[in-house]
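Engineer: The structure is given below, and queries will be raised subsequently.
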């Protein structure tokens, strides 16, 4: 049953989170009346008992009944619900405050899962599970967990095999790393306990991220125990390859986890192509081996040598070095190399790229489908719980309680603005179609419309009339195209002077010792200072320092002033000051490039692509990490025998080749490409990824181990170099397509709030008008960009949550 509060009662402020118990009659505080016709129909449909009152004096409710919660059927009016009604033995409303809070927490959890695209079947069921869930997915714990995972990876830098820089302190590092690793293992075990409390016994192993973390923690713990108990194992700890698994299970690395999953799935999708590639190399190896039979050639002396040579040729490495000796002995073989390379390089490689790109798109679409399904299901469950909690629907009171439970620091203004955005039909009640748009407004940043134009705000703040006029003139000056053309010309002339000085002087020392280049830079300083002063006066400091290119100009100006004056005085760092000054003034040329629309678009795409590219580079880093651990386990300390004898004296091992001969000219420094520690291992893997001289590097490792070491380098080329280069190409193509489609787009809405409502909800806003307009805005996320990119798909249209077309609304 519903009662409307009288104005005298509505004046009082009360908590929406703590229902008010009523142990006596309302007396004159409540005037009973039906809300509207729809509520009467709803009450009849629920078969609720009705109470009729003949007069206000008889208005009351029995002692012991409790007000369930405060409900706002209209943002202007409040209503009360009484909680003791049952229909067919089932309670319509939660009977106690404890049950109400529990229901609100469940709704907030589903909303939180929808925002993070979690699988709704892993909703916590018990109180302890909810507490564990809140701890695991607390924003501070996100970053702390990421820090722990990064520390676990960085421990490798201070563990054997150590670089020569750390060798004198090997025992000290072992003690420190052992203590730190034990602390990290304890933390990850506690995290698993919390996950067990959240998921329970049945769902613990079904949750993929938790299961991967469990595997990683088990093997990392075994690795730690073996390192403490077996001294020989401590030198090369192979089980460290499982550390990246723990890193991937961090919540902040979920995008990296998706990239790694796509990399593994790409390998599965092109496995047939790999088989064709190996078969193709084997057939040509068999043909070449028989054609070169009887000729004096080390590259084709046996079938295994021939296979390695042809595989090396297929990677486009050392083509003249292989072809020219064979051309001298048998022209048929050299002629056979041409169709081999033509088909292998221009057909198979491009087919590989096409297959990887097509599979990459399919995986991206499937991933997006799954995430949208998770979000829709979570929101649907949250909405259903809310309607069960309140048969009248999602009114403002329920919405606010859920938002407060979801985000403790949310303000009343944010709640009200979000509710008004969602309430498109302005009936103070959210339908399912309206509630689905909650994902689009939760992360919005709100600003008053009169504060969106920062330049206008700056002019309004100036109280002195003459200064305001001067600011207006400065604004007109710096906004004019003529002034921008003049300043761009100054920058270009300054760069031409530095460029000519670099050409005229024979070496950088003469250029630096002669301070003319410094004087040339100081000559242009007044122009830059005048521009800065005019922009600050015209636009105001708020707008100036929030614009990226203006802030870039300010940084360059400050650096130029400091370096110019420091370069005039004799100091030990005079040369460095002049060098930095030249570099800084050259970087200012980017502003001229930004003046062109095409360059400005490219710059924007590059800046926006950095977060996505970072997750790809981090995935590549993890692949390097795994191969580096395996490489150190197999080859640590062995390659130096190619260039040094047992006493450490430079001496060439004849099996390794002249590239390892320190006595030759130029010196053979290939022994530096090794797996002696984690730093050298990463350098070696990067050189191998470029595909240059990988056969020469492999020959050195084969010389000090066995011919089977070729397998290490062949598999690295097949499963890292080919996959990474092709996935990188597909990734960049899709990224460019996505960013160019949604470049500059954002989700923006406009909401108006009356002065009466602002006073009612105690907005801390000093407004002179009867209505205040707020602008809500958020940038499109990665999921939003993908939805816009695939907006023509039927499954996107059915989702109806995407920020496309009609879903950009204004209230």
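Keep in mind that glycine also has a Cβ here, set from the backbone N, Cα and C atoms.
As listed in TrEMBL for this protein:
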- 140-161: transmembrane segment (TRANSMEM)
- 173-198: transmembrane segment (TRANSMEM)
- 210-231: transmembrane segment (TRANSMEM)
- 274-295: transmembrane segment (TRANSMEM)
- 331-356: transmembrane segment (TRANSMEM)
- 410-445: domain 'EF-hand' (DOMAIN)
- 473-505: transmembrane segment (TRANSMEM)
- 517-537: transmembrane segment (TRANSMEM)
- 549-569: transmembrane segment (TRANSMEM)
- 575-593: transmembrane segment (TRANSMEM)
- 613-636: transmembrane segment (TRANSMEM)
- 669-689: transmembrane segment (TRANSMEM)
- 710-733: transmembrane segment (TRANSMEM)
Engineer: Please identify the stretch among 140-161, 210-231, 549-569, 710-733 with the greatest number of Cβ pairs below 8 Å relative to the transmembrane segment (613-636).
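Structural biologist: By the under-8 Å Cβ criterion, the transmembrane segment (613-636) pairs most with 710-733.
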Engineer: For the domain 'EF-hand' (410-445), jot down how many residues DSSP puts in helix, in strand and in coil.
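Structural biologist: Reading the DSSP string over the domain 'EF-hand' (410-445) gives 19 helix, 2 strand, 15 coil.
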Engineer: Report, as numbers and ranges, which residues of the same chain sit near the transmembrane segment (549-569): CB under 8 Å and 6 or more residues beyond its ends.
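Structural biologist: The answer is 515, 518, 521-522, 525, 528-529, 531-532, 535, 539, 543, 577-578, 580-581, 584-585, 587-588, 590-591, 594.
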Engineer: In the same chain, who gets a Cβ under 8 Å from the transmembrane segment (331-356) while lying at least 6 residues past its ends?
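Structural biologist: Same-chain contacts beyond the flanks: 266, 269-270, 273, 276-277, 280-281, 284, 287-288, 291-292, 310, 313-314, 316, 319, 322-323, 722-723, 726-727, 729-730.
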Engineer: Looking only at the recorded stretches 140-161, 274-295, 473-505, 517-537, which one has the largest tally of CB-CB distances under 8 Å to the transmembrane segment (575-593)?
Structural biologist: 473-505
Engineer: What residues elsewhere in the chain lie close to the transmembrane segment (517-537), defined as a C-beta under 8 angstroms and at least 6 residues from its ends?
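Structural biologist: 470-471, 474, 477-478, 487, 490, 493-494, 497-498, 501, 511, 544, 550, 553-554, 557, 560-561, 564, 567-568, 578, 581-582, 585.
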